[in-house]
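What Swiss-Prot says about this one:
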DOMAIN    206-235  domain 'IQ'
REGION    348-388  region 'Disordered'
COMPBIAS  365-375  compositional bias 'Basic residues'
COMPBIAS  376-387  compositional bias 'Basic and acidic residues'
BINDING   G598, P599, S600, G601, V602, G603, K604, K605  ATP binding site
REGION    834-857  region 'Disordered'
COMPBIAS  847-857  compositional bias 'Basic residues'
Amino acid sequence: MSNLMYNKMWHQTQEALNSLLDKEFQKMSEPQANKVLVFQMLATFYINYVQIFRNMENVYDQIVHPQKRMLIRKVLDGVMGRILELKNEMVELEMTEFHYFDDILQDLKLSPQQLDVPIPRYFLKERLEVIKGREKILARILTECGLNLPVKYAAKSIALEEAVKLIQIAERARQGRLRALFMKQIFLQECRAKEMKLLGHRLLDTKLAALQIQKVWRGFHQCKKTVKEREEEMVFLGMKPSPLFNEVSDAIVQSKQVTNLRDEVQLKHEQDYQEALVNIKEDLKMLEGPDIKEHLQDQIRQWFIECRNLTGTFPDYPNEEDGGSALIFSNKTPEQVMGDIIATQEEEEKLKKKKKKEDKENKGKKGKKEKKEKKEKKVSLKEKAMKDEDEEWKMSPSLFLQLMEEGNSLYKDIWLNKDESWNFPQDYDPELIKEEKRKELEMEIRVQVDELMRQELKNLKLAVNREMEIPPRQKKGKKEQTIVFPREVFGNPRVALVSLHIRALWGISYLSFNNGTIESLYQELVEKGLLIQALKVNLSDYIGEYSYLGTTLRQVAIEPMPSLLDVRQLITLYGILPLGSAEVHERAPLVKSLLLAGPSGVGKKMLVHAICTETGANLFNLSALNIAGKYPGKTGLQMMIHLVFKVARQLQPSVVWIQDTEKTFYKKVPQAEKRFEPKRLKRYLPKLLKLLKPDDRILIVGTTHRPFDAELQPFCRVYQKIILVPRPDYASRYGKFHEVLWKEIILRNGGKLTNSLNISCLSKVTDGFTQGQIVQVIKDVLTERRLRQQAHKPLTAIEFITMMTNMNPVYREEEESFKNWYAKTPLGKKRVLSLTVGNKEKEKDKGKKGKRGKKKK
């Protein structure tokens with residue numbers, strides 16, 4: 001698309017955002033008590049914001065104007081954060097992580113695919129050089145250590161007699177095949193000789209021969225034509241995809257080329273813009289700097305004279321902390337400025353007196369308050385739930401609405417009615433840069449002018465009033481205790497503070513950590529196997545389909561199992577979006593830890609690697625088996641955690657992965673695993689979570705296939721969000737035209753889909769099998785030899801089904817055990833409680849209606 005088209009798309013998206021903000025501000029002022037209506041309102045806002053986010057992300061990725069992109073980025077981060085806030089509101093309202101919008105999508109006339117939250121492409125594009133450089137360093141360290149060498153499979157040693165027998169069997173089989181082929185050829189020759197003897201006395205008629213050839217040819221031609229017509233009819237009726245469905249069209253190839261060209265233009269315009277910022281500021285400093293300085297001095301001198309004429313004395317010059325001479329030019333009279341300065345001084349004195357009185361009063365009241373708070377906390381969960389039902393619901397304050405409103409107002413002021421007919425290539429606008437840099441230059445010059453005018457005011461007071469300025473008294477305070485460490489210990493002051501905090505929490509009395517640069521620490525972690533290379537897996541490779549019966553099942557009081565697409569959405573919302581954007585991570589509801597629980601083979605490990613791939617994050621492996629034998633002892637463990645989180649903070653975003661995390665929280669450690677000390681991290685994980693702040697883009701991700709083996713309370717205390725990853729449902733295994741499991745994986749491994757391969761039968765038969773098992777079966781069937789045979793021997797369903805017989809599916813009992821375990825988690829308990837309260841209220845309403853009916857009779 002052209003620049004004009006993307007500009008038009010941006011204007012339409014801004015209009016939609018403007019109307020949505022108006023609606024949201026209106027709804028926020030109207031408290032509601034009905035939870036169903038509240039959820040529908042939140043879900044509608046959520047879906048509308050997702051549509052705006054999809055369009056805005058596309059515009060930001062393709063638009064080439066550097067100044068427009070800055071504004072779009074601001075709005076984009078605001079929309080992204082607002083989506084996370086609305087998701088958090090829906091979770092607190094429904095007490096579940098999974099929501100279904102079937103009815104709302106139908107009302108808005110949207111398809112389920114339009115509900116998919118995209119991953120912004122700028123997460124990787126703007127950090128591409130950093131990510132590539134880090135990958136090169138990691139690859140170099142791995143090659144030096146010999147950790148990335150291909151796995152050499154050792155040959156199985158067998159006895160000499162067995163080897164001779166194997167060779168003899170193979171040789172005899174080869175000779176047998178040759179003998180059988182030779183005998184077959186002799187038999188065919190004899191058959192041909194017999195036919196020739198029988199037909200030898202008859203002369204062949206040329207007309208009969210021609211008719212015979214025509215008959216065979218016409219039959220073959222008509223059969224081929226019928227097959228072609230049948231395929232065309234199936235495509236027309238929508239019962240079969242078009243033959244061009246899996247082929248990449250020329251239009252798509254051309255659009256990719258245009259996209260790459262736009263990326264180059266975008267980069268060039270950004271470089272020109274950065275150069276223009278420096279050049280234009282220098283030009284303004286040379287041309288307008290002296291005039292601005294002279295104008296400011298004249299204004300301040302005029303203020304001196306006006307204040308002396310009104311009050312009889314020269315005024316006190318405002319301090320730099322209060323804004324300096326900026327206070328003078330805030331459209332106020334000299335009397336108002338003097339009044340403000342005096343008022344602030346009086347307020348400071350009053351606050352000091354109040355604090356002293358409050359400190360004395362609070363000492364006696366502390367004990368009484370603590371007793372009252374303990375009594376108030378002893379309210380049962382059921383009473384709280386009933387109170388929440390009766391109270392009116394109000395939306396919690398948003399930190400992103402103001403950001404979006406600022407971006408929207410800037411768009412209206414600058415870009416809405418701006419004439420850009422002169423700017424066809426969409427380069428930077430120099431006038432906007434001049435306005436911005438003129439303000440910066442004025443602030444810089446004002447600081448210099450303030451120093452000069454303060455001295456001038458002193459001289460005036462000495463000359464006219466004979467006054468000596470009394471220097472302000474320095475406030476006496478407690479001396480801060482400073483601890484000096486060697487520079488090599490903590491290069492970054494922020495990391496030093498964090499390290500000191502860790503030492504205080506864990507009671508470390510001395511420094512035993514490996515001191516050095518981040519590069520050396522990075523290399524040490526790689527060599528120890530704690531920092532690993534993430535696999536190149538995109539989140540879109542986690543194939544799944546939308547759950548079309550979610551709302552219907554919940555209306556009948558049946559809790560549906562989430563679909564794979566629902567899991568993918570949660571990974572995007574809780575893992576990828578906050579890690580990818582620092583602005584969103586600082587303001588959005590903070591998610592420090594994430595747990596993926598589900599049977600073996602459902603793709604938990606793949607999702608962890610997808611988070612790292614989509615955000616360019618480092619991957620640290622602190623699994624119980626991986627850290628076994630490394631950094632032994634208590635001090636060694638503290639040193640390891642310190643190193644991991646120091647590097648993770650410096651090179652954020654980072655993901656700390658704990659595979660088989662139930663081992664860290666075992667109820668009872670198995671005898672075979674006691675030597676690995678799997679519970680080493682159990683004590684330290686809650687403390688680490690407390691140290692993570694909003695500006696630390698670090699996510700702790702745990703994966704488990706046996707969560708019921710762990711102690712529930714400490715397990716749920718560490719993991720803030722728990723996502724249940726299910727086995728694929730029928731919609732995910734089979735679909736008509738969407739990317740679904742069987743079709744997509746067969747095509748990826750070189751297979752061809754034909755009429756002889758019944759995908760529907762495969763999807764039905766493989767109910768209960770996981771994605772990992774399906775992938776393994778397809779790889780086992782589609783060998784190199786089988787791929788070469790596809791031209792004359794198409795794939796059939798029976799080939800895959802026979803391979804499936806050797807595998808065990810996820811049985812209903814195992815799935816129910818995961819559901820029962822999830823119902824014991826904090827969010828699961830709240831969900832069960834809210835459902836029971838809702839059912840009781842429905843029964844009460846039915847009873848009231850029945851009594852009314854009897855009275856009428």
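Cβ coordinates are placed from backbone N, Cα and C, and glycine is handled just like the others.
Because the structure is a prediction, the values reported are computed rather than measured.
Features recorded in Swiss-Prot, as mapped to the structure shown.
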residue: G598; record: ATP binding site; contacts (Cβ under 8 Å, 6+ apart): K604, H705, L724, V725, P726, R727, F818
residue: P599; record: ATP binding site; contacts (Cβ under 8 Å, 6+ apart): H705, R727, T770, V810, E814, E815, F818
residue: S600; record: ATP binding site; contacts (Cβ under 8 Å, 6+ apart): H705, T770, G772
residue: G601; record: ATP binding site; contacts (Cβ under 8 Å, 6+ apart): T770, Q771, G772, Q773
residue: V602; record: ATP binding site; contacts (Cβ under 8 Å, 6+ apart): V725, P726, R727, P728, T770, Q771, G772
residue: G603; record: ATP binding site; contacts (Cβ under 8 Å, 6+ apart): Y542, L564, V725, Q771, G772
residue: K605; record: ATP binding site; contacts (Cβ under 8 Å, 6+ apart): Q659, T703
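Sitting within 8 Å of the Cβ centre of G598, P599, S600, G601, V602, G603, K604, K605, and not among those site residues for ATP, are the Cβ atoms of T703, H705, V725, T770, Q771, G772. Annotation note: K605 (ATP binding site) sits in a helical segment as assigned by DSSP. A coil conformation is recorded for P599 (ATP binding site) in the three-state DSSP classification, outside any helix or strand.
All chains included, 23 other C-beta atoms sit within 10 angstroms of the C-beta of K604 (ATP binding site). Across the domain 'IQ' (206-235), DSSP classifies residues as 30 helix, 0 strand, 0 coil. Per-residue confidence over the domain 'IQ' (206-235) averages 90 (mean pLDDT, predicted model).
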